[in-house]
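According to TrEMBL:
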- Asp152: active site, charge relay system (ACT_SITE)
- His225: active site, charge relay system (ACT_SITE)
- Ser558: active site, charge relay system (ACT_SITE)
- 33-118: domain 'Inhibitor I9' (DOMAIN)
- 144-599: domain 'Peptidase S8/S53' (DOMAIN)
- 383-473: domain 'PA' (DOMAIN)
- 674-771: domain 'Subtilisin-like protease fibronectin type-III' (DOMAIN)
- 1-24: signal peptide (SIGNAL)
Amino acid sequence: MAENPVKWLFLILASCLCFAFVLSESNSLIKKTYIVQMHKSAMPASFSSPLEWYSSKLKSVMSDTQSDGEGDGENRIIYSYQNAFHGVAAQLTEEEAERLKQEDGVVAILPETKYELHTTRSPMFLGLEPEESTSIWSQKLADHDVIVGVLDTGIWPESASFNDTGMTPVPAHWKGTCETGRGFQKHHCNRKIVGARVFYRGYEAATGKINEKNEYKSPRDQDGHGTHTAATVAGSPVRGANLLGYAYGTARGMDPGARIAAYKVCWTGGCFSSDILSAVDRAVDDGVNVLSISLGGGASSYSHDSLAIATFGAMEMGVFVSCSAGNGGPDPVSLTNVSPWITTVGASTMDRDFPGSVKLGSGRTISGVSLYKGRRLLQANKQYPLVYMGTNSSSPNPSSLCLEGTLDPHVVSRKIVICDRGISPRVQKGQVVKDAGGVGMILTNTAANGEELVADCHLLPAVAVGEMEGKAIKHYALTNGKPTATLAFLGTRLGVRPSPVVAAFSSRGPNFLTLEILKPDVVAPGVNILAAWTGELGPSSLPTDHRRVRFNILSGTSMSCPHVSGIAALIKARHPDWSPAAVKSALMTTAYVHDNIHNPLQDSSTAAASTPYDHGAGHINPLKALDPGLIYDISAQDYFEFLCTQKLTAMQLKAFSKHSNMSCHHNTLATPGDLNYPAISVVFPEDTAISTLTLHRTVTNVGPPASHYHVVVSPFKGVTIKVEPKTLNFTRRNQKLSYKISFTRKTPQTMPEFGGLVWKDGVHKVRSPIALTWLPPF
């Protein structure tokens, strides 16, 4: 009898081991998408094309069981990259990917990465539309040949923002096309939308076939995000634009004369790196001048970041690249898209707000924001029962967060419900309240959001309030026997002070990938931005929202990025011969760091002064950027030499040296801080043997031929600063002059210090932010 349990135990163990072995075997046969970068110059002469060579490489590593019925390696290829990037995206097993790494000519193999979207009045706020009749748009730049490629969710071509009336023919250098599909035909492209393409092979390989009944497998945008960003870049003027009466006025893009090329890379399940890479590659070949990319996938090392590698290639070919910094703020070290050849854009507020108010039964009135405009209105002279489902005012729980299924209709029916911000979308909380029978919502910020207020187009009467006021309201609801409140909506308010303010959600530095490269680069309007919208979704983006609007108000670094892309297009139109680095320099050195009441830019999360880790060089100033006086130019070779300082292997460096003439043999950069960047970040080791650090910069005169500049530098507690020479005297346009800036140890600090260096000629102020960081001893 005793033997039977042992036998059974043995059989069970054997079965488990067998199952684990079979599972392991089956997992090893699962194919995933990998991005394979090849060194094109290593292609043997026996191959007639790069694609033939790539296919041969894949076939050589395919296992016998996998190759049966699949023919050659070309059947595994979902994309071939030829312009900004050389190689393929292919379906491989893990074993095949490992074997392929060992093959000659293979530079890198990167796994597929999922990226996420970083989700009227801004032209006037930026000084592009002064109230007098003259503006930058009237200076014979209304029709020009700058094309901005927007990588996003597609475009809604019927929007009035994409009207091409009065525009000149499509620029001759444009080689792109207008791809067709459900809901999108050739006639949907015009002289404004000059091209439209879709990229879904990587997405389908990861998630399965797109359901074409539920989603447009075409450039048509049913999400709204892509339409909004494209219109922010280059939308045509539309009078009377508004969202349900809010933000009424003329909506127009940053550069209404620019053309748009829509590259749809994002779908309902996300955006995948192989599709994004193909879009960048194709856009460069199509002839875009600017790329606007409002998405990110987390921080990776330069050699493992496919977007960094592809945008390096785009930069080499003269394309300016603007990317959103991410919505990970106010946490430090939350930036994405930090490569120095990318312009990394954070978000700030404008001087426009959408006030609402909460009046408590105690008589106290609290200010907030809202974009609610519906048939359900609460009576101003009537108080409604108020309820908070949390247990205290500072620790949210599922019920206090108003997550789906957590509210008891018996408790919340006919009441205003207090909901903590977090976990679920803000507008969805209101839907949960509405479904449970609530008549209104007070959305309260938590510590993560501080006092920053973001207005939303709610589905029931709702007002958002800051963290401190939210705690007071919750305390009142928890301690009063019969708490009551009412809500009011006060329309659109202009002239808000202070503004701009750095948005709490905007991702922050420092840039831990390379401390010597200060990021973000700039901030731009990214809170409560009005722009064109899809006809497929309501303004809240919820499926239960049956309202349809022509314009919507959104917030995020996704909104700030296209502001910079559009301004870059304006600069490119004025200065067509400028490099991407020159355009970036103009944006950075003319940015301002004081608000409209002449105080340092504030951080919305703390209400204290922000730092360059929050705002970079400052807030963009488009009119100044068109005439910066001096620029800090950087060539592709300079960027490559910067990479030589980043401890990359020879093979990793090959990812960026598509042209064989790039090498580290003649590297002129002593440190990464010597890259000719418009911002200065000094990393001081606490090793006292190093008493002085010296950085070098070269400026190019793009102002009057005879220009004379003198330097002004902020004082620092931890170091003394010496600039040599103290004056720069130019005798001709495009002349280059160099200077060095030495930092000598004085009193080491426990926290970073910030300041600025400014070159002045009486007309121009060419400012570089300075960040001084003290590393701990090793």
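Cβ atoms here come from the backbone N, Cα and C positions, even for glycine.
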*Per DSSP, what is the residue count of the domain 'PA' (383-473) in each of helix, strand and coil?*
21 helix, 21 strand, 49 coil
*Cα distance, Ser558 (active site, charge relay system) to Asp152 (active site, charge relay system), nearest Å?*
10
*From the Cα of Ser558 (active site, charge relay system) across to the Cα of His225 (active site, charge relay system), what is the distance in angstrom?*
8
_Can you break down the domain 'Subtilisin-like protease fibronectin type-III' (674-771) into helix, strand and coil residue counts using DSSP?_
1 helix, 58 strand, 39 coil
*Which has the fewest other CB atoms in a 10 Å radius around its CB: Asp152, His225, Ser558, the listed active-site residues?*
His225
*Could you pull the average pLDDT for the domain 'Inhibitor I9' (33-118)?*
85
